[in-house]
Every structure is written in C-alpha cells, then in structure tokens.
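Asks: Got a structure for you, questions after.
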Amino acid sequence: MNRCSFLFITLLAPCVFTLSASNVPQAQATLPVLSNTAKKAPPAEKQLPSIAPTIKNTPQPVAITATATKKPVKGSKGSAEPICTIDTSSDGPIILGSKGSIASVKEKVAQVTCATEAPAARETKRPRLAAINKHITSKSAIILDAETGDTIFAKSPDNPRQPASTIKVLTGMIAIKRLKKNEKVEVSRHAEKMPRSKVYLSTQKQYKANDLINAVLLASANDASVALAEKIAGSEKDFAKLMTLHARLWGAKNTICRTASGLTAKGQQSTARDLAQIFRHAMQDREFAKRMKRTKIKTSYGKLLRNHNRALWQVNGALAGKTGYTNMARQTYVGQFQRGDDTIVVAIMGSETMWTDIKRLVEYGFKRKEQVRIAQLEKTKSES
C-alpha cells in the first residue's frame, strides 16, 4: 500500500473510494448521511495533496437537498420559519468539493439555508378596512342596510342614551300623518318659552302645520315641536306616550320618549339601533323624505328655514338626516345615504366629532357593501 492510499484511508474511513484504472485522477467518494452530531475526523499530520489540478472539469459544488417545514412565527400571521434537514436517501452520494475533506463538507452543510416557501396564490385580494372603532368618538353607532335592515357595522348599538333632537323624527312623522298642511296651530306659553333651537313662535299668532313641521325637521325648532305636540295630543306628556307607541310599532323597543323636542328628561332614552330603525321606516314615507332632503325653505310668513344637516352638502350620497345635541347627550345623528344601488342608514350617539364620524362611517358602510357583493359573486362563480 503506497503512502497516498494510506492517507486516504486514514482521513476518509467512512468513505468508499472507487478508483478507475483508466482515469486515476478522477475520484468519487460516497458518504453516508451526515448528522449534526457526527464527530470530526482527527487532523492528519500531513495535509492531503489537492487533487483539483488533475481534474479536467471545474470541481462540482456539494449537492445537498433540504426539506423544509413551516413553523409559525408569533405575531406574524401567515409567516413561517423554515426548519431544514438534509435528505440524501434519494439523490445519491454527496460529491466532495475542491477541498476534499469531510470537515469541508460539514462546513458547507452548516451554511445551507432554506428560504420560506412562497404562500399559495390567492384569488383577488380584497382591500382591508381599517378598524373603524378606533377612528370615531361616538359612544355608540350603527350602519344598517336601508333595504333589508341588516346590520353592516355596530358599536354598542343597544346602549340606551339621551337621543337629543334626533327624536324629532318621530314628532315630525306623527304630525305629517295627523295634521293637514294648512291646519292652524296655536302656541302656548309652554311652547313659546322653549330654549334654543327655536324659530321664536309667538302666543299672539297662529301658524300653519306645514310651516311648523318644516321648522321641526329642518331647523330642529323646540318651540314648534311642543306646539305640534299640544295640537295633536293636548299636552306634550301625552304626545310623548304616542311617540313611544310609534317607536314600538317600528321595532324600536328600547326607546322611551318624555318630550316632543328631545331635550334632556329623566327616563327618556333611545339607542343607535332604534334611531336607525325609526329613520329607515320614516324615509319610506314620501312626504317625510321630500321634506328632509331640502337644504332650505321659506315659511308662508316669510321666515327662511335652513337645514341643520350639513351632510347634505358635505357627504357624497347624503339623502336626509337629523342632528341633535345636548350637554347630556352630546352630539347625535341619524341619516340615510345612497350611492348607486346601495342605500345605508347611519346613526351615532354620544359623539364629540359628529361630522368626522359620519363621513368615516358612511365610507366604511359603502366599502363594506362592496366587499359583500364581491364575496357573493365569487361564491356564485365557485358553485356554478
């Protein structure tokens, strides 16, 4: 046995060398599967002479196949941390590199990295909607599909709160149904002394019901609300009972009325869901909807009434709405919006930034409707 052969056997004891008689410089070593626990071969006294110069072709790199398994990474949805293992059972022997030592092979194996597998191709990616709760100050809010009554979004929608002037939707609707437009309405001292908002009615005059209804729905007049209530029911207290009954008939089960104006009163309450349901039903009445869409109108006695609902000229798709405010209730609102074939009802209570909240909720509502429509189309396609 010559010295070269002895060194090969000493260094590469686990390897089986096959030497060709016709082509001695070309050597191939077959190695068993390497494990991370395999011990390194003891260093030789003399370094093995490199055989690279005698090989005609450029030495091939280590051929290693690695299988990867996914391990979820905490805090990152859908990401994966690959775990790699060496698999040589099906790919044949590992080919030594130019250095020609087991240590060099181990070094190459240690440097193997596995890229995370690419996620499976998805269908059309839908835009993610921001968490609207974090971007509104309203204590409670709701978005309803005006056609079906289905809830699109809700934030504490059934928490009872003071409704403020949004309750005047009931006052106006009952007056439309109970009084003729030209019917005369007298004004009591109680009505005349109502605080703002008001149109400054006088006990010395009579007013047409049509003018007072517009004053209630557009200018949110408290004095006009009480005058209409007393005309219809004899007293504001009895009229409030009538309002509560109408709310019940429209599915507003958590609404209790104590005043015709919505001014803060003990025991008076409503919810965002109830306000939305009431307004949704009211807008099905053509006369009510027609009045609520106006931005301004003159009374028969020449007074200009301006609509308090700024959404009519500030929010795309606004059809109608009723505002409200008291120190106890804070800002309240209920309104209906339409874009294309979609119509939604938005109600908020206890807001500090009413108009900003309304704009954000309206945008969210229509985007959510679009998402639902896309999902339904995709479902229909997959089933067909």
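Glycine is no exception: its Cβ is also placed from the backbone N, Cα and C atoms.
Curation does not apply to TrEMBL; its annotations are automatic.
The structure displayed is predicted, hence computed values, not measured ones.
Copied straight from TrEMBL:
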SIGNAL    1-29  signal peptide
DOMAIN    133-352  domain 'Peptidase S11 D-alanyl-D-alanine carboxypeptidase A N-terminal'
ACT_SITE  Ser165  active site, acyl-ester intermediate
ACT_SITE  Lys168  active site, proton acceptor
ACT_SITE  Ser220  active site
BINDING   Lys322  substrate binding site
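Distances, neighbours, how buried they are, the whole picture for these features please.
Replies: Summarised as a single figure, the pLDDT of the domain 'Peptidase S11 D-alanyl-D-alanine carboxypeptidase A N-terminal' (133-352) averages 98.
Within the same chain, residues at least 6 positions away in sequence whose Cβ sits under 8 Å from that of Ser165 (active site, acyl-ester intermediate) are Ser197, Ser220, Ser261, Gly262, Lys322, Thr323, Gly324, Tyr325, Thr332.
When secondary structure is read from DSSP and collapsed to three states, Lys168 (active site, proton acceptor) falls in the helix class.
DSSP classifies Ser220 (active site) as coil under the three-state reduction.
DSSP assigns Lys322 (substrate binding site) to a strand segment in the three-state reduction.
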Asks: If you skip the near sequence neighbours and keep only those at least six away, which residues in the chain come within under 8 angstroms of Lys168 (active site, proton acceptor), Cβ to Cβ?
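Replies: Counting only residues 6 or more apart in sequence, the Cβ neighbours of Lys168 (active site, proton acceptor) under 8 Å are Val216, Leu217, Ser220, Ser225, Ala260, Ser261, Gly262, Lys322, Gly324.
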